[in-house]
């Protein structure tokens with residue numbers, strides 16, 4: 001096209017592109033696909049984190065009784081603590097293992113195929129934990145918790161991958177928030193099911209731990225009715241007809257052409273390139289800032305103080321005058337608070353953008369760290385102070401859900417193209433689970449040494465993350481994966497293309 005004609009029609013073409021990317025209401029089929037992926041996916045992660053808290057005393061009694069019958073002696077307090085800690089923490093090791101294999105499975109059997117296969121681990125975990133009491137084998141609890149962690153590790157790696165790839169560009173943020181919404185929904189559901197009025201009684205604890213099979217069963221019923229990721233079908237498998245059908249079902253006939261065009265352009269740019277392994281991400285200099293970004297953000301997601309807030313929540317509620325038997329209901333309130341915030345973030349993310357929300361979330365968390373340190377230090381100064389501490393607990397949880405809790409996973413999807421995205425999720429998941437295990441191991445010693453001043457450590461972490469995001473991370477709202485890639489690779493933000501280190505020119509999909 002001659003230059004003068006190109007310049008003349010450029011505004012019209014730009015407007016067409018802008019209209020195509022303007023947020024619209026999601027297709028009904030797309031919403032149902034998100035729910036189908038989430039109920040047996042990251043819902044399991046949140047559910048298994050919270051559901052173990054309610055039967056703590058009952059499981060410890062079971063271990064004590066089993067030990068006495070088996071060895072005719074009482075187990076020592078240290079031995080009981082070690083076994084209980086193993087039951088709780090082995091979940092993170094299972095999660096780390098799942099994160100390391102989830103990306104590979106998603107390449108070999110597909111995103112949807114991996115989510116469906118992953119339910120085998122949920123059923124096996126439920127069976128083992130349910131049989132622990134009637135068989136008198138507390139070891140089954142340890143194995144079952146490891147396998148449930150394996151299930152959660154795979155789902156938290158593959159579900160965001162699936163949601164990010166089935167969503168249209170204009171709704172990618174909102175659809176990607178499904179990951180966070182189902183995690184918080186799982187936490188809240190586990191807290192509610194664990195109340196004494198439901199399955200929180202002593203005789204019900206084996207059933208309570210076995211309920212992890214219910215979400216898996218629901219996913220097996222619902223998810224097969226929805227298609228595989230269109231990007232996986234076209235770019236990885238070369239299935240043009242399958243991609244076309246998937247896009248029509250997920251986006252509707254009217255809106256599928258534009259998304260297919262974007263996928264086609266990405267496939268052309270990645271032609272001849274194989275899916276990367278996690279260690280190959282470090283060798284590719286064109287991806288160094290993306291890799292550094294997901295490592296820092298996923299580590300910060302666990303090290304920013306959210307675990308400390310939950311640790312102190314019971315103490316704060318007690319100091320505020322809430323009776324001990326009512327504290328579980330206040331804890332349910334924290335779960336509901338986080339769930340509502342995740343939903344709010346889902347509605348705002350495609351309007352405000354990722355960068356605003358995640359920086360805003362960390363900024364509010366930093367402020368809460370300062371206020372919480374002050375209220376804990378002067379807890380006895382006034383009857384009002386414990387209530388201010390309670391406000392800080394909910395404000396911190398709200399801030400976490402508004403930004404870091406939801407946006408981090410979406411950025412992991414958006415900062416990479418198809419051939420490197422599964423490896424990126426394996427790396428991000430490994431960092432996330434390793435940080436989860438690390439904070440669980442080290443946090444008690446931090447509290448013991450610093451007490452309420454431990455929040456000053458988290459304050460420093462939040463501030464450093466804010467600075468890094470401001471300087472390095474671009475806004476990814478309404479941009480295709482190739483455009484985001486070019487943001488990192490180009491010295492000028494509006495440069496259209498550059499080499500990706502493998503000799504391929506990445507062309508922006510903007511016209």
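Even glycines carry a Cβ here, placed using N, Cα and C.
Listed ranges 453-473, 474-494; the one TrEMBL annotates as transmembrane segment is 453-473. Transmembrane segment is the annotation TrEMBL gives to one range among 30-47, 48-65, and that range is 30-47. Among the residue ranges 140-162, 232-254, the one that TrEMBL annotates as transmembrane segment is 140-162.
Away from its own ends, the transmembrane segment (174-193) comes close to residues 23, 26, 30, 34-35, 37-39, 41-51, 53-54, 156, 159-160, 163-164, 166-167, 199-200, 208, 211, 215, 328, 331-332, 335-336, 338-339, 341-343, 345-347, 349-350, 401, 405-406, 409-410, 413 of its chain (Cβ-Cβ under 8 Å, at least six residues beyond either end).
Distant neighbours of the transmembrane segment (453-473): 289, 292-293, 296-297, 300, 303-305, 308, 355, 358-359, 362-363, 365-366, 369-370, 372-373, 376, 411, 443, 446-447; these residues of the same chain sit at least 6 beyond its ends, with a Cβ under 8 Å from one of its Cβ atoms. Mean model confidence of the domain 'Major facilitator superfamily (MFS) profile' (34-477) amounts to 87 (pLDDT, 0 to 100 scale). Of the two recorded stretches, the transmembrane segment (291-315) lies close to the transmembrane segment (384-411), with three or more CB pairs under 8 Å once pairs fewer than 6 apart in sequence are set aside.
For the transmembrane segment (205-226), the partner stretch with the highest count of Cβ pairs under 8 angstroms, out of 30-47, 82-103, 115-134, 384-411, is 115-134.
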